[in-house]
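For reference, the structure discussed in these notes is given below.
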Amino acid sequence: MVENTAISRNTYDQVMLPIYAPANCIPVRGKGSRVWDQRGKEYIDFAGGIAVLALGHCHPALVEVLKQQGEKLWHVSNIFTNEPTLTLAQKLIDATFAQRVFFANSGAEANEAAFKLARRYAITHHHPHKTKILAFHHAFHGRTFFTVSVGGQPQYAEGFGPKPADIVHVPFNDLDAVRAAIDDDTCAVVLEPIQGEGGVTPATVAFLHGVRELCNQHQALLVLDEVQSGMGRTGKLYAYQHYGVQPDILTTAKALGGGFPISAMLTTDSIAMAMETGAHGTTYGGNPLACAIGCAALDIINTPEVLEGVEKRHDMILHALEKMNQKYGIFCEFRGKGLLIGAELKVEYHGKVREILQQVVDQGLMLLSAGDSILRFTPSLIIPEDEIAEGMARLDRAISRWLNK
Ligand SMILES: Cc1ncc(COP(=O)(O)O)c(C=O)c1O
């Protein structure tokens, strides 16, 4: 295959807004859980495009739907509806608590819609001052100004002028803090069942049940951001299904399109009715191409074969990490659920995750961080077992080199 050699990593520094610091290689091809860069170097992919590629790269069934729908109808706007949108909405409803669906294109947009809906519902059903949103330190909900302000990482929200108001942050998994902060002016409590970017921290069962109870007491909506934890990542379609707690609104994105941009906000009939024609919208949301691919991804992910395989792969990664830690002793804790796994470095190595990730890429592995002290694993849900073993061997070599440099 002839690659475009005029394009190099240096081109990035010349033409792109300098908001990312991408690795030095440029991936050009992927298949399953393997990726090749411009120079033909091969990588095992434990990052999955940040928890997006639940079925790996270029899954044949998704490619087939992409081709078929691509020859048929890509986009009509919401001036018309379309068959794939309605089919995917029905599938999501059948598989969850939801009765109504709104489609958008990214996690942030789904959350933006969720927060607007929560406020609109409280204002129209209760009183005009019921606008407080309760959220959590270290949470991540996206980068639009509303979502980044609800997120609990102030460094991302500062420096852009006045922020959306009436958002209060409390420590995650601290029910007393929620109890102290929630009141009858609270319209919603927003949380990730497993904080992803913020450090791979699962909500405890008692915490999520307690928050649900407090929401009921104060007529606040429970909004679960399952952009990262959803679509099979934890071994159930959505992480809330492990807890026995139902949200009022749930957002989903990333793996919903298996790599094609699409997101959704799910809610109930009565909450949805707070919105009327024209109250919210998006040009691309619910386009037939994205929704057709979403249907195929959901049909494959929401099966016992795929969901049951998640736990087995989790155990393989954990086992390898524990063995590695007996050798190197650099980790203090392994956290997460299913194939959303965090390995926290011991205090003496805090802040060193980028150095490790540099060695990791050199060894032919794609891996993520969460903050500056946690390695994060979000591979394909169907990554073959021998590729897990090979990827862990590459991680072992990377850590050994990093320690001995
Ligand atoms: C929990 C969570 N919510 C929202 C987002 C934002 O999604 P997007 O980048 O698609 O806007 C992310 C992205 O990492 C996320 O992990």
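Placement of Cβ uses the backbone N, Cα and C atoms for every residue, glycine included.
What TrEMBL records for Gly107, Ala108, Phe140, Asp225, Glu226, Val227, Gln228, Thr283 is pyridoxal 5'-phosphate binding site. The Cβ of Glu226 (pyridoxal 5'-phosphate binding site) has 28 other Cβ atoms within 10 Å, all protein chains considered.
The C-beta environment of Arg143 (N(2)-acetyl-L-ornithine binding site), restricted to residues of the same chain at least 6 apart in sequence and closer than 8 Å, consists of Ala108, Tyr156. Annotation note: Arg143 (N(2)-acetyl-L-ornithine binding site) sits in a coil segment as assigned by DSSP. What TrEMBL records for Arg143, Thr282 is N(2)-acetyl-L-ornithine binding site.
Sequence annotations record features per position, and here TrEMBL assigns N6-(pyridoxal phosphate)lysine to Lys254. According to its DSSP assignment, Lys254 (N6-(pyridoxal phosphate)lysine) is helical. Taking all protein chains in view, 28 other C-beta atoms sit within 10 angstroms of the C-beta of Lys254 (N6-(pyridoxal phosphate)lysine).
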Cβ atoms other than its own within 10 Å of the Cβ of Phe140 (pyridoxal 5'-phosphate binding site), all chains, total 26
Listed binding-site residues: Glu226, Thr282, Thr283. Which have a CB under 6 angstroms from an atom of ligand 1? none
Long-range same-chain neighbours of Thr282 (N(2)-acetyl-L-ornithine binding site), Cβ under 8 Å, sequence gap at least 6? Asn78, Phe103, Ala104, Asn105, Glu109
Rounded Cα distance in angstrom between Gln228 (pyridoxal 5'-phosphate binding site) and Lys254 (N6-(pyridoxal phosphate)lysine) is 7
